[in-house]
Amino acid sequence: MNITTRIGVILHPIGIFCSVLVLLSIIFLTVINRELANRITVRLIAAIAFADLLSHTAELYAAWSGGLSLHSNLCHVVNGIRLFGRTFYAFTNLAICFHLYRSLVLLKKSTWKSEIYTWVATIIMVTIFTAIYGFLGAYTGVKRKVGCNPGADDKVLNGVFYFLAGTVDLITIIVGLFITIVGHRSLNKWINTYAEARSNQGMDQVQFKRDRKKMAERSFLYPLSTCITLPAEAIFLFLNAFGIYIFELSIVMAATIGISGFLTCLAFSADPAAHKSFTSAYYQIKTKWLHSHPVKDDSSEKTVNIPLAMKKLPNK
């Protein structure tokens, strides 16, 4: 077991745990109150966590099954899942960037129509690129390989595959940096517009603007995480497109890919919107528990549930 495999065996289980934690948290909020998770950002975060889960699971399986036959269908499936997970991860982050740009820069309110368009475009692009990788033979290639890894037998097609995959990573990184810079420049305009629309609700405008600014700034953590997880992979893919393999770079790539789920979980845990949703869920659970609590009837020695709202003082 070489060092890149050992890194994968250590980091991918952590990524799986973090991805599952984010997904279960969002499911929990949905069960408590559907409105708490009824935001496009939350659904996009869930999609990223799902992509992380797929990628980490496939990468971990590939690391554990180092002796997997390159000619086996199982190896081809593992390669397909790995590429699908990485492609899904990239395009979902692009979707979040588009949503942030539309909301914070263009000052457009999110609607079901725009969200459906976003999801459809994301799914179509992921499907197209995953299919292209398959047509290039990236799932089934066996030549010039040490283990079960994506790559085509034909050198030209193999170069095209690596170049396309690297381009997807590079575009995701550039768009993530772009939306972070442009979004920060547009924050004040967005906050003032948002506050003016709620000026008649009797709230503290200074505190409201401060909270909203913090919430918006933390939302950039999601696209910024791609600047950690994707650069080493992008460079590795571009170099391999021209037949250049650097072992030390593969070590860095294994480490950065291995922490993608952890970074998504970290961004989610630092998101004030998530904090607000969990606080609201806590109070809703607490209110339901207090609204109907057990009261013992001494005459029958039975316990009954009496809603607090129905309790009355005895007449004197």
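Placed from the backbone N, Cα and C atoms, the Cβ positions cover glycine too.
TrEMBL: automatically predicted annotations, no manual curation.
If you look up TrEMBL, you'll see 12-32 (among others) marked as transmembrane segment. Through the fold, the transmembrane segment (12-32) approaches residues 42, 45-46, 49-50, 52-53, 55-57, 59-60, 63, 258-262, 264-266, 268, 274, 277-278, 281, 284-285 of its own chain, all at least 6 residues removed from its boundaries and within a Cβ separation under 8 Å.
Look at TrEMBL and you will find 44-64 (among others) tagged as transmembrane segment.
According to TrEMBL, the transmembrane segment annotation covers 84-104 (among others). A Cβ distance under 8 Å defines the sequence-distant neighbours of the transmembrane segment (84-104), meaning residues of its chain 6+ beyond its ends; these are 40-41, 44-45, 47-48, 50-52, 54-56, 58, 110, 114, 118-119, 121-122, 125-126, 129-130, 133, 165, 168-169, 171-172, 175-176, 178-179, 182-183, 186-187, 190, 216, 219-220, 222-223, 225-226, 230, 233, 257, 260.
Sequence-remote contacts of a segment are chain residues at least 6 beyond its ends whose Cβ falls under 8 Å from one of its Cβ atoms, and for the transmembrane segment (116-139) they are 40, 47, 76-77, 79-80, 83-84, 87-88, 91-92, 94-95, 98-99, 150-154, 157-158, 160-161, 164-165, 168. Annotation source TrEMBL lists transmembrane segment at 116-139 (among others).
Panel annotation: around the transmembrane segment (159-182), residues 83, 86-87, 90-91, 93-94, 97, 100-101, 105, 129, 132-133, 136-138, 150-152, 220, 223-224, 226-227, 230-231, 233-238, 240-243 of the same chain, lying at least six beyond its termini, place a Cβ under 8 Å from a Cβ of the stretch. Per TrEMBL, the feature transmembrane segment maps to 159-182 (among others).
Under the heading transmembrane segment, TrEMBL lists 220-239 (among others).
Residues or ranges marked as transmembrane segment in TrEMBL: 245-268 (among others).
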